[in-house]
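**Student:** Sending over a structure as structure tokens; questions will come in a sec.
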């Protein structure tokens with residue numbers, strides 16, 4: 001006997017997600033089910049899926065339950081598990097507000113990348129404490145077709161390779177993941193950002209997200225880009241004691257990234273719930289059969 005399962009759709013700077021509320025972690029969502037739900041032609045469509053679970057009900061999050069009531073069980077569009085999604089956290093927080101679980105102000109969200117602090121502003125913007133960036137040593141190159149560029153290795157809880165280019169079109173169609181060297185630099189894959197300057201402390205980027213392809217926005221990617229650009233510009237807030245703020249344009253909008261002197265990075269941008277409904281469990285079972 002089939003049942004109806006609630007879902008919502010939301011986006012943060014057009015990085016869009018299927019949202020599945022499941023407070024008690026009762027649903028079985030294997031990778032194939034997530035991929036089917038995120039399919040833009042045969043499913044609901046999304047760059048990824050936000051599985052909304054109480055931290056105490058999820059084995060990966062129970063250790064964070066004292067700090068954060070809710071766990072963002074994030075999945076990429078192909079069904080693979082991801083450590084963190086910056087735009088996803090903002091949309092996750094907006095959903096919690098939409099559902100009446102939280103109000104404007106501060107809250108904590110558990111993720112595989114740790115507990116993230118979130119602030120929901122009166123104007124609708126959501127600010128997320130993204131943690132600190134790690135800058136692993138070692139030279140990395142990325143390439144598309146015959147073009148190749150040196151890249152800055154930045155880790156935001158997930159790996160990023162940031163390449164500065166003369167023209168964003170040089171990245172091509174980004175249907176396939178850009179190549180990287182050395183081949184063993186990212187054993188679990190990497191998110192690749194291509195960046196151009198737009199003005200003082202203002203850049204634009206395109207991104208190929210591992211497991212999802214090119215997306216309209218990537219929050220952790222925008223943070224990685226801001227940090228890489230600051231270092232290229234000779235700015236290190238830990239050394240100067242002055243925050244470094246960059247405006248980062250993505251195809252789906254604009255994010256504002258601030259790196260504080262203590263190393264913490266804050267990302268501010270919009271988050272929107274656009275629809276809600278139900279899907280039939282029998283459909284999903286048929287897809288998985």
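Heads up, the Cβ atoms here are built off N, Cα and C, so glycines get one too.
Note that this is a predicted model, so its numbers are computed, not measured.
Per Swiss-Prot, the features are:
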ACT_SITE  85  active site, proton donor
ACT_SITE  218  active site, proton acceptor
BINDING   15, 76, 86, 87, 158, 191, 209, 210, 219, 220  substrate binding site
**Student:** Taking the residues the record says bind substrate (15, 76, 86, 87, 158, 191, 209, 210, 219, 220), how far apart in Å are the two Cα atoms that sit farthest from each other?
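**Tutor:** In whole numbers, the farthest two Cα atoms are 17 Å apart.
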**Student:** Would you kindly give the Cα-Cα distance separating residue 15 (substrate binding site) and residue 218 (active site, proton acceptor), rounded to the nearest Å?
**Tutor:** 7
**Student:** Look at each of the active-site residues, 85, 218, and point out the one with the fewest other Cβ atoms around it within 10 Å.
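**Tutor:** Looking at the active-site residues 85, 218, the Cβ with the fewest others within 10 Å is that of 85.
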**Student:** Give me the non-local Cβ neighbours of residue 219 (substrate binding site): same chain, 6+ apart in sequence, Cβ-Cβ under 8 Å, ordered along the sequence.
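**Tutor:** Same-chain residues close to residue 219 (substrate binding site) (Cβ under 8 Å, separated by 6 or more) are 12, 15, 85, 86, 87, 88, 89, 90, 128, 130, 255, 267, 269.
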**Student:** Could you find out if DSSP has residue 86 (substrate binding site) as helix, strand or coil?
**Tutor:** helix
**Student:** Identify all same-chain residues not among 15, 76, 86, 87, 158, 191, 209, 210, 219, 220 whose C-beta atom falls within 8 angstroms of the centroid of the substrate site's C-beta atoms; report them in sequence order.
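**Tutor:** The surrounding set, listed in chain order, is 48, 82, 84, 85, 88, 207, 212, 215, 218, 221.
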**Student:** Rank the binding-site residues 15, 158 by the number of other Cβ atoms within 10 Å of each Cβ, and give the residue at the low end.
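**Tutor:** 158, out of the binding-site residues 15, 158, has the fewest neighbouring Cβ atoms within 10 Å.
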**Student:** Can you tell me whether DSSP puts residue 158 (substrate binding site) in helix, strand or coil?
**Tutor:** coil
**Student:** Write out the long-range same-chain contacts of residue 209 (substrate binding site), meaning residues 6 or more apart in sequence whose Cβ is under 8 Å from its Cβ.
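**Tutor:** Listed in sequence order: 47, 76, 191, 215, 218, 221.
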**Student:** Run through the Cβ atoms and count how many others sit within 10 Å of the one on residue 86 (substrate binding site).
**Tutor:** 30
